[in-house]
Amino acid sequence: MSSLPSGAIIAPSVLAADFANLQRDCEMLNVSQADWFHIDIMDGVFVPNISFGMPVLEAIQRHAKKPLDVHLMIVQPERYLETFKKLGAEIITVHYEACPHLHRTIQQIKDLGCKAGVALNPHTPVNVLEDIIHDIDMVLVMSVNPGFGGQRFIEHTYEKVRKVRQMSDTVMIEIDGGVTSKNAKQLVDAGAKALVAGSFVFSSENPIQTIADLKNI
Ligand code: DX5
Ligand code: ZN
């Protein structure tokens, strides 16, 4: 991706925000060193949880002043790509496990003018990306099983990041789940560029400082 910041990209997950104070939390992210807003869309089918949908994303879009990084944990994501583009998505990530026609889905995302990402569940080996990795902008390596914030980081993730990096020097690698200041540096050293952090940011006493700490690892 062009015009990237030199350090890690920090993408706080709005899933961990206070939904009763969403405007306040969006404004906090605007003034923080966060690079992207990470938006978790869950359908209760692909993952055993439902997060939020279009009306909430529309509200987020009204206040967010940074790129929206939309992570679709839904079946048949191709049905909604255009809607998410209209709602301000700059990056759209779909799950490998949810896309039997992944190549077509990626082309659809790109045709909309968005960056295209593919997410891998913890049990999915990275080599399934061999024939698509040069067509995509980002690989999202799930470091927890998708569906919930606040879960424990899976240590095997480092190994997966290194393998993705071996497959491509240029693809952006994003890590999602259980990211803290304890594992952030090791993830970046392994080849990750973007770090999603939900509960670590929003449960901290000073989220702005926590984001700055992650940014400056
Ligand atoms: C999990 C979501 C994550 C989640 C991360 O399914 O994709 O983005 O919000 O939350 P933490 O950082 O609390 O693990
Ligand atoms: Zn996510």
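Glycine is no exception: its Cβ is also placed from the backbone N, Cα and C atoms.
The divalent metal cation site recorded in TrEMBL comprises His38, Asp40, Asp176 together with one of His63, His71, His156, namely His71. According to DSSP, His71 (divalent metal cation binding site) sits within a strand segment. Close to His38 (divalent metal cation binding site) in the fold, though at least 6 residues off in sequence, lie Ala11, Pro12, Ser13, Val14, Leu15, Asp69, His71, Asp176, Val196, Gly198, each with a CB less than 8 Å from its CB. Neighbours of the divalent metal cation site: apart from His38, Asp40, His71, Asp176, residues of the same chain with C-beta atoms within 8 angstroms of the site's C-beta centroid are Ala11, Ser13, Leu15, Ile39, Asp69, Val70, Thr93, Leu140, Val196, Gly198.
Comparing Gly149 (substrate binding site) with Asp40 (divalent metal cation binding site), their Cα atoms are 10 Å apart once rounded.
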